[in-house]
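Features reported for this protein in TrEMBL:
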{"type": "BINDING", "residues": "His54, His78", "note": "heme binding site"}
Amino acid sequence: MTVTEETTPVSHYERIGGASSVKAAVELFYDKVLADPALAGYFADVDMVGQRRHLALMLTVVLGGPNEYTGRGLAEAHQPLNIPVAHYAKVGEHLIVTLTELGVPADILADVRTVLADVQDQVVAAGTRPGV
Ligand code: HEM
């Protein structure tokens, strides 16, 4: 059987416009995060050029695009930062607002919310999890 364009599902990544759209989203997202006084401090000593590139590559994978992510795992990168749930929620909202402003369709937003819920335990400090 030949796989045609009709039978191949189009990824979220392709639907939103590929690499240039992801790059635009990451720029807008970090502008919001860095303008948020509750969050800016986390990034004070971080190389934001590399950071934006890593998040763009990771967002690409989350949206079903090509996997070229070479950074650390989420737990490895975030556990040393001791991030409380409230700050995780703020970052998640900045991402959703960014994607909404860029016109990302509702079904893709819903999937991004699902991923945010799925990875929360890797990012949030282990000691702040209820029952831990
Ligand atoms: C789903 C949520 C998140 C995703 C997908 C994400 C993604 C990433 C990625 C891909 C990196 C780069 C890792 C590397 O370079 O090896 C990173 C680093 C970082 N993230 Fe996040 N992040 C999330 C949530 C957060 C939150 C909630 C905060 C702070 C409130 C945060 C603060 C940071 C900081 C400060 C770094 C740099 C760490 C360092 O260079 O040592 N992230 N994140």
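Quick reminder: no glycine exception, Cβ is built from N, Cα and C everywhere.
In TrEMBL, annotation is done automatically, which means it is predicted and not curated.
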Test of understanding: give the count of other CB atoms lying within 10 angstroms of the CB of His54 (heme binding site).
17
Which chain-mates of His78 (heme binding site) that are at least 6 residues away have a CB under 8 A from its CB, listed by sequence?
Gln122, Val123, Val124
